[in-house]
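Participant: So Swiss-Prot lists the following for this protein:
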TRANSMEM  18-38  transmembrane segment
TRANSMEM  39-59  transmembrane segment
TRANSMEM  66-86  transmembrane segment
TRANSMEM  161-181  transmembrane segment
TRANSMEM  204-224  transmembrane segment
TRANSMEM  230-250  transmembrane segment
TRANSMEM  251-271  transmembrane segment
TRANSMEM  280-300  transmembrane segment
TRANSMEM  316-336  transmembrane segment
Amino acid sequence: MQNPKEKMDLSQSILSLIFIVSMGVISFLVIHPFILGFFWASMIVIATWPLMLKIQKILGGKRSLAVIIMIIILLLLFIIPVFFLVNSLIATSIPIIHWLGSNDLELPELAWLQNIPLMGRKIFNSYQTLLNSDGGELIHKIRPYMGHATEFFIIQVRNCGLFIVHSILMLFFSALLYWNGEKISISIHHFAYRLSEKNGKAILLLATQAVRAVALGVAVTALIQALLSGIGLLVSGVPYWALLMIIIFFSCLIQLGPLPILIPSIIWLYWNDDTTWGTILLIWSCFVFILDHILRPFFIRIGADLPILLTLSGVIGGLLTFGMIGLFIGPVVLVIFYRLTISWIYGISIASFLENTSLK
């Protein structure tokens with residue numbers, strides 16, 4: 001016969017479990033709006049912690065001044081690109097708005113469409129039909145897409161607002177993490193030790209190395225490439241160079257490189273018979289492209305002695321899977337999984353990778 005006390009203990013355990021799970025879910029919903037900002041702050045602080053310590057040492061050990069300087073640096077890094085982006089968009093939009101609003105709005109003839117093989121004549125005739133309809137036919141054609149375009153525009157405005165909010169949260173959390181870095185580090189080490197007494201500390205160190213490797217090998221390389229590409233575009237006289245420079249930065253982050261932007265710019269210069277500057281920009285683009293393959297492995301090695309192919313695969317896969325957050329999630333997960341697998345195959349401790357990289 002079942003003991004009533006055991007039945008009561010089982011019911012109490014189930015209720016306790018339900019209560020704990022409910023509290024966990026509610027807590028997650030409460031902190032959910034802050035997760036993205038806190039995550040970015042954590043990655044930035046981990047990557048720049050050595051820099052903050054050097055600044056603190058120069059300032060005579062004053063943590064408050066070092067934190068203020070780091071926040072100013074982050075402000076400049078986030079505000080200046082956004083300022084250039086908004087300024088470039090405004091500068092680009094004003095001529096287009098004036099052109100669309102002018103009474104003498106005329107669309108080009110585009111006679112060269114006839115020279116396209118096979119379908120050129122059909123495309124040209126359809127285009128001429130649109131021109132001869134005084135815009136009515138054109139409006140009828142694009143009307144089904146206007147709703148989608150408006151929806152897309154509203155979503156992008158919303159995303160810009162969320163970006164500003166998350167940037168403010170990121171700066172706030174960064175200041176807190178810089179100020180209490182040692183205490184938080186001790187708590188994280190205790191948590192890692194509770195998860196695995198044998199490998200917890202080593203896994204934590206590998207994750208830190210992966211974050212710093214990505215920050216140096218991917219983010220810093222992308223920034224250098226964007227700056228050098230922007231200089232080339234500015235000197236060559238390519239319009240909207242600041243906007244293109246920011247696009248190049250994100251293109252380098254997702255490992256496409258600067259060439260998808262630089263090559264059309266070179267073609268544009270040659271198209272406008274500016275062959276001298278087109279040739280100069282071509283040579284400069286080759287230099288920037290080659291520099292990428294030199295700086296990236298060098299900076300990754302500085303950040304950590306990790307497999308370069310594994311790190312870059314983590315960056316690309318993380319970006320495709322998780323978005324910009326995956327820039328750090330991908331390499332960290334892949335590196336830890338790779339080290340765990342190798343340590344299991346060879347029957348060695350993960351900590352040995354921090355001293356011996358012969359199995360890499």
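Backbone N, Cα and C define each Cβ position, glycine as well.
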Participant: Does the transmembrane segment (39-59) reach the transmembrane segment (251-271), going by 3 or more CB pairs under 8 Å (6 or more apart in sequence)?
Facilitator: no
Participant: Would the transmembrane segment (316-336) count as touching the transmembrane segment (161-181), if touching means at least three Cβ pairs under 8 Å and pairs must be 6 or more apart in sequence?
Facilitator: no
Participant: With Cβ distances under 8 Å as the criterion, find the stretch in 161-181, 204-224, 280-300 that has the most pairs with the transmembrane segment (230-250).
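Facilitator: Checked against 161-181, 204-224, 280-300; highest Cβ contact count belongs to 280-300.
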Participant: List, by number or range, the same-chain residues at least 6 past the transmembrane segment (280-300) whose CB is under 8 A from its CB atoms?
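Facilitator: Contacts with the transmembrane segment (280-300): 213, 216-218, 220-221, 224-225, 228-229, 232-233, 235-236, 238, 252, 257-259, 262-263, 265-266, 269, 306, 308, 311-312.
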